[in-house]
Amino acid sequence: MNTKFTVSGDAPSKQGEIRASFEHQRLLCALFREEFSIDDLEELNLSHCFWVRNTRILSVTYNTWAADDRPLTERENDPKILDLGWSEFLHPSQSREFEVSMTRHFIISENRLFNNPGLKCLNFKYGTSETVERSSLKAYLEKLFAIPRSGTFEPTVLLVHDTNRTLKLLQALGINTSMWGHGVAELLYEKRAHSSEHDSRDQRDRDYDPLRRSARSRSPRRSTSERRYHRPRSPPPPTKSIYVVDVRELFFALKMTSSLHDSLRANAQVLGVQETGGIIEKGWCAGNESRLLGQMWFSMARGPNIDDQRELRWSSTLAASVSVVGAAQSAQDDTYGGSDEEVDPNDMLVQAPPVATLSKSGQALMDPGGWDDEYDDDDY
């Protein structure tokens, strides 16, 4: 085990947990794309993942009134929501990439005259915005998060930008989130709850890089075996149905930075994710942003392991092709959370500015589909 990301060489540190979560997203994406042979699945102890094809991927985003100066507890219990949006995605497979199947955008009627200073209210690009009273959002969301009555286990991976704030907002709207999972590790390895202590220890070690195949590469590869995934006998399904993935946290882990003043749009730009007509950083529309959030997740989940991906995205070679059009974050925002013991300074890379335009080659690398073209590794 790599003790750099553990506490006393045993339990994972917070940074180690986030790194493991990043690799779990890659593993989930590879499962969707059926990149594993039966032997791969057995080695990774994932042969029980019968639920893969039934998985839903949702993203939920929102904007609140930034000028709200009430005490924090009041803002959390009664947030001034300007709008809320969500998207549902068709998960990637062998025959298709990550695609949006539906997006909705709700403007909150009570707050429709509010605006955020310095930001432009943008038009919803993918349909017609719906103006509703805040009290009606609960019914819409309960329907969105409802557990299917078919009896088939259909887990939902819920993408958010800041888990803590998003769950508090949903709770303020009356949504019970107490039984939701955090991350996808429990979804992937639920069956192991009844395994031996030895197996559990093996899995803990594997969590730090679940796609490791050799010292040369940990990136997902296409299997050369003709034996593909077939649904085995179904074990008891996991007890949860919604698994929350904090895309912002994954981005911070990849970038080795953190900030109290970031935004979904700014982070999407750093990842090279695009939207129709280009990203307007100083704007807001939760419906448009819900699509961006899904693309941010896929951009990271589809790429190489966290360390290789960081170097490919922001190495000095790539940085040379980046034309700076914005100021870099302050020094205090460039420090990744965690103690000095948890982060090896030799692993730290010079950070690219948060707002940049990419050259043609740089943009191809950032595009989620671009990993296939030049940087896919056929050697798990």
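Cβ atoms here come from the backbone N, Cα and C positions, even for glycine.
According to TrEMBL, the features are:
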- 193-212: compositional bias 'Basic and acidic residues' (COMPBIAS)
- 370-380: compositional bias 'Acidic residues' (COMPBIAS)
- 95-179: domain 'Gfd2/YDR514C-like C-terminal' (DOMAIN)
- 193-240: region 'Disordered' (REGION)
- 329-380: region 'Disordered' (REGION)
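Residue counts of the domain 'Gfd2/YDR514C-like C-terminal' (95-179) by helix, strand and coil are 24 helix, 20 strand, 41 coil (DSSP-based). Summed and averaged per residue, pLDDT over the domain 'Gfd2/YDR514C-like C-terminal' (95-179) gives 94.
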